């Protein structure tokens, strides 16, 4: 249950404290209240969060770097242990991101006073911080986890909501400033390129092969190949961007999305190599087997591509219009495919009927004077 944002708060053995600003943070049911003392250049701050479990933790910290990112954050972490309620210091480093055990350590933050209140999953930490000169905008990071082992907070979840606990706030105006998620443009490029390559061009190429073949002997091939090849090229570019994004987020792995992406790359590469380079001739004895393989892998690739695009949308969580737009494109392609499927079967049955009607009729072992 989210804790309401309140400017008047009470901690054990302390008088009630009133803060000038209180804001609800955009994720994890958290809120932040603070007061800035300009004469002493100090910040009294209260972070309120909800842990996933009563044995879990909540943490908040300041990053003095250029952006509000995990690495470099000076964190205060609250949790319950055998000795009671704890509020300890933790410096978040590259080792933390690499999932090394997080241990209590000195931080680059002067904390003049601190307090903590824990009631089941609801946790509230207070800190009086000595700020650096001319520092009115602060990068802050917050998160939560489900367990603590030997005073070591364990890894938090890796959902989008769990990775977006970061931002910038102005301590004088009380404004929360927007902070674009790390590598957001690269993530958006990854999603858009893959959606166009794997999710639109490849289905169109397959439709040309399926539905133009009965009407024209070569047109389907002239359209099928460029669409498939260009779809594959875009897919490989998107896949490479995904690998790059993976290198930026050590310890954050979306296993299903990654594994399906690797499978798509393998299937797509096999299709290109075995279709453009090693395709058997029309009269080759291996041709029927190759056709079965080509169609099976092709349809599997299309299915996996669509599934993975939706998994990517779940991870990226863009505006709903993007999900609706891609769903709309799929619906349009499906309707067109259904209509063309009916038309194709009508043409096929009509041709079969015409072929049967054109077959010679045998009479006494002869037809048109020719022995049969």
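For all residues, glycine too, the Cβ spot is worked out from N, Cα and C.
What TrEMBL records for 190, 224, 257, 294 is heme b binding site. Marked as domain 'DOMON' by TrEMBL: 28-145. Per TrEMBL, domain 'Cytochrome b561' is recorded for 152-349. Per TrEMBL, the feature transmembrane segment maps to 191-212, 232-254, 260-280, 292-313, 325-347.
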>> I need to check the long-range neighbours of the transmembrane segment (325-347): which residues 6 or more away from its ends have a CB within less than 8 Å of a CB in the stretch?
In response: 195, 199-200, 203-204, 207, 210-211, 214-215, 306, 309, 313
> Taking the Cβ of residue 190 (heme b binding site) as centre, how many other Cβ atoms lie within 10 Å?
Replying inline: 23
> What mean pLDDT does the predicted model reach across the domain 'DOMON' (28-145)?
Replying inline: 92
>> Neighbour count, 10 Å Cβ-Cβ cut-off, for residue 257 (heme b binding site): what number do you get?
In response: 18
> In sequence order, what residues of the same chain, 6+ apart, have a Cβ less than 8 Å from the Cβ of residue 294 (heme b binding site)?
Replying inline: 271, 274, 275
>> Counting only residues 6+ away in sequence within the same chain, which have a CB under 8 Å from the CB of residue 224 (heme b binding site)?
In response: 205, 206, 208, 209, 212
> Which state, by DSSP, holds residue 190 (heme b binding site): helix, strand or coil?
Replying inline: helix
> Any idea what DSSP makes of residue 294 (heme b binding site), helix, strand or coil?
Replying inline: helix
